[in-house]
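Feature annotations, courtesy of Swiss-Prot:
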DOMAIN    20-299  domain 'Protein kinase'
BINDING   V26, G27, M28, G29, A30, F31, G32, L33, V34, K49  ATP binding site
ACT_SITE  D141  active site, proton acceptor
Amino acid sequence: MAEFIRAQIFGTTFEITSRYTDLQPVGMGAFGLVCSAKDQLTGQPVAIKKIMKPFSTPVLSKRTYRELKLLKHLKHENVISLSDIFISPLEDIYFVTELLGTDLHRLLTSRPLEKQFIQYFLYQILRGLKYVHSAGVIHRDLKPSNILVNENCDLKICDFGLARIQDPQMTGYVSTRYYRAPEIMLTWQKYDVEVDIWSAGCIFAEMLEGKPLFPGKDHVNQFSIITELLGSPPEDVIHTICSENTLRFVQSLPKRERIPLSQKFKNADPAAVDLLERMLVFDPKKRISAAQALAHEYLAPYHDPSDEPVAAEKFDWSFNDADLPVDTWKIMMYSEILDYHNVDQNDTPL
């Protein structure tokens with residue numbers, strides 16, 4: 001039985017195994033507190049995320065189970081990886097991942113990025129997305145604060161808690177507004193991996209400009225700002241809108257012409273502007289894919305087709321439509337944790 005140590009962080013009890021020391025708070029999210037720590041086993045710094053009360057409701061239980069399954073399945077250099085997981089005596093769940101020193105949001109607010117850093121960061125984002133999308137996973141909440149970076153400029157995408165299967169009947173507002181694809185705002189029901197390409201395009205533009213491209217005050221203002229630059233959405237895109245209210249709103253907007261991005265980004269590399277034009281397209285089906293973007297001339301210094309892997313198998317989303325009680329989710333979660341630790345579940349009492 002592992003020995004647990006208790007610590008108070010921001011008034012929250014952290015119960016961690018004695019393997020981890022030097023707890024320091026690094027961030028607070030909607031679903032948990034994140035601390036940095038030192039792993040005594042490896043000597044490496046790690047991030048420990050406490051999922052608060054994961055078994056309090058079926059919705060929270062399912063969300064935690066989904067995040068755990070995704071962290072276990074996704075294995076790629078540009079995606080955050082799980083190094084340990086445990087349940088404390090108080091029945092909180094702790095995910096342990098590698099610790100990277102900063103994130104893109106902090107970098108962007110501290111200083112302008114030079115061209116080679118912009119290229120290298122965008123390359124790694126798209127390399128990670130190519131893999132994630134090949135696994136049948138959509139991130140849905142890609143933004144600078146979800147993109148971690150270390151001192152070697154290695155980049156990893158994190159926070160897959162909102163990620164969901166590529167299927168119709170998608171739920172509405174999930175990603176931070178500035179980076180949200182128009183089809184999430186307009187269609188509500190059906191969207192696919194292209195939403196991540198839009199978000200990556202917004203992040204790319206922010207790296208080029210040093211400020212958010214579409215800083216909407218609310219979703220109405222957000223959509224209006226997008227049309228000021230990209231023009232009115234094409235009629236075939238408007239016809240995909242499911243909500244009557246949304247349709248009326250879009251049709252009420254003044255007709256606008258697209259402004260060439262070369263006018264907006266006057267000092268940018270023309271190849272960068274060309275790639276951005278292909279990422280920020282209203283019609284998701286005409287948006288460039290991650291694999292296609294990697295082969296674009298702007299990323300030629302880093303592009304290596306032999307080292308841009310796809311997933312070995314699709315992620316199994318069969319659990320995602322299940323409407324199960326907390327106790328069932330708990331048993332499934334325990335089973336996943338035992339599997340992660342390579343424990344024979346027939347021999348081990350929970």
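Note that Cβ sites are derived from N, Cα and C of the backbone, with glycine treated the same way.
Local packing around the binding-site residues V26, M28, V34 was summarised as the count of other Cβ atoms within 10 Å of each Cβ; on this measure the leading residue is V34. In this structure, the C-alpha atom of G32 (ATP binding site) lies 16 angstrom from that of D141 (active site, proton acceptor).
V26 (ATP binding site) is 20 Å away from D141 (active site, proton acceptor) when you measure Cα to Cα. A simple way to gauge crowding: the CB of G32 (ATP binding site) has 22 other CB atoms within 10 angstroms, across all the protein chains here.
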